[in-house]
Every structure is written in C-alpha cells, then in structure tokens.
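Presented below is the structure to which this report refers.
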Amino acid sequence: MIIAIDGPAASGKGTIGKRLAAHYGLRHLDTGLLYRAVGKSVLDAGKTPDDRKAAIAAAQSLDLTRFDEATLKGAEAGEAASHVSAIPEVRAALVNYQRAFAAEKPGAVLDGRDIGTVICPDADVKIFVTAAPEVRATRRGNEYRAAGKAVDDATVLADIRKRDERDSSRAASPLRQADDAVLLDTTAMGVEEAVAAAIRIVEARRRG
Ligand SMILES: Nc1ncnc2c1ncn2[C@@H]1O[C@H](COP(=O)(O)OP(=O)(O)O)[C@@H](O)[C@H]1O
Ligand SMILES: Nc1ccn([C@@H]2O[C@H](COP(=O)(O)OP(=O)(O)O)[C@@H](O)[C@H]2O)c(=O)n1
C-alpha cells in the first residue's frame, strides 16, 4: 500500500505519516527533508537559494547522510527549501529517489507537497492535511521552543504564510490537493484524534 500525504507547512503531515507507517508496517519518507537538504547545501556552499546553478548541482549530487535532521528541521533550511523547490530541475533530480522509495515492498507513506499529484498519482490513499495557519504557527513555535530556540509565534506565522504562498503559486508541482485526496483539517484535533481520523480515512479507502 502507498499512502500519499500532502499539505501546507506544519500541518501535521510528518506526525501523521510516521504514525500511519507504524500502524500499517510501512516505511515513511518525509520528502521535505530532501528539499531542506538541497537548500542547506546551497547555503553551506556560500550561495543564495535562488542560485539556480548551485541548487541544481546540489540536488543532483545530494548525499543525505551528510545532514543532521535537527539542522534540516530548522527555519533557515525550511526557507531555503521553499526557494530551491520551485526550480524544475531540482524537483526532477529528486523524483526517481522518491518513486523508488514508494515502490519498494511492502509499500510506504510519503509526505510532502506533490506526492498525490505528481510523485505517486496512483497512490492507494491520498490525504491532504491542513489546519488554520495560526494553529500551525503555534504548533511549530512550540516545537522550536522545545528544541531551545527562542521564537515568537508571529514570526513563525509570517514564515509559514510566505512559504505556503510560494509553494502554492509556483509553476512546478505546486502545493495542491489532488482531486481524489481526502481533506483532513486538524485545526480542532490533538495528535491522537488526528491520527485516528487518518486511520479511518485509510480504512474507508481500503474497503473501497
Ligand atoms: N493534531 C495535532 N495537534 C497538536 N500538535 C500537532 C498535531 N499534529 C502535529 N502537531 C505538532 O505540530 C508540529 C508540526 O507537525 P509536523 O508533523 O512536523 O508537521 P509537518 O510535517 O506538516 O511540517 C509538531 O511539533 C507536531 O508535534
Ligand atoms: N514534496 C515536497 C516537500 C517539500 N517541498 C518544499 O520544501 C519545503 C519544506 O518542506 P517540509 O515538508 O519539510 O516543511 P514543513 O511542512 O515541515 O514546514 C516546503 O516549504 C516546500 O517548498 C516541496 O516543494 N515538495
């Protein structure tokens, strides 16, 4: 079984993806980490994320073992990711890896922005996870503070809105709910409730 999860920034895609993978015995890929790693590589090379040549070279020679996940999860890498991810050649360089991951037995859960629309258009289940921007900003702000970073929710909210706008308006694989995806709005749900709702969506799809 292949489960595709898409949605805007900090909507809970990774949390739900990990839990669904554990529940169904599938592997999980957070595809945002790939774009974050490309963005971080460009910054590490002393270039700006809008530098197409640098971004394409980084995507084509990406070595994920070089990165520490905590650094990739930070705001700087996220912002860089949302620039490099608009470059079609960067996206093209990452397609095969994601599709090969999805194709391996016994199946996988992938989360990102274009999984249901571009990477796995034939996924067995597609879920589009969302929540109100203010709620997403508070959750992400709490996550940063728990990691010892001093941030205020207004700054996180501005960052999230900017990234969502950039991700939705780009020409290459924009953030969009696939026609056959089920919408899961977790604004008023805690993690357990959201995971239970996601499992119900999978079960309903499996019953056909
Ligand atoms: N339904 C929820 N209720 C409360 N907090 C949540 C919920 N879903 C996710 N979170 C928290 O919000 C933050 C962002 O979730 P995450 O799964 O990383 O989102 P995404 O993968 O979409 O960026 C994390 O700190 C996570 O623990
Ligand atoms: N499949 C994907 C996944 C991420 N991305 C880009 O990578 C950035 C970081 O993705 P992420 O999923 O780690 O972001 P969060 O939702 O965790 O904040 C996004 O803002 C997108 O620009 C993408 O374009 N396509």
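Glycine too: its Cβ is placed from the backbone N, Cα and C atoms.
Feature annotations, courtesy of TrEMBL:
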DOMAIN    3-203  domain 'Cytidylate kinase'
BINDING   Gly7, Pro8, Ala9, Ala10, Ser11, Gly12, Lys13, Gly14, Thr15  ATP binding site
Other residues, Cβ within 8 Å of Gly7, Pro8, Ala9, Ala10, Ser11, Gly12, Lys13, Gly14, Thr15 Cβ centroid (ATP site): Ile16, Asp111, Val129, Thr130, Ala131, Arg136
Segment confidence, the domain 'Cytidylate kinase' (3-203), expressed as mean pLDDT: 97
Ser11 (ATP binding site), number of other Cβ atoms within 10 Å: 29
Packing count at Thr15 (ATP binding site) (other Cβ atoms within 10 Å of its Cβ): 18
In the chain carrying Gly7 (ATP binding site), residues 6 or more apart in sequence that have Cβ under 8 angstroms from it: Lys13, Asp111, Arg113, Phe128, Val129, Thr130, Leu175
Candidates Ala9, Lys13: member of the binding-site residues with the richest Cβ shell (10 Å): Lys13
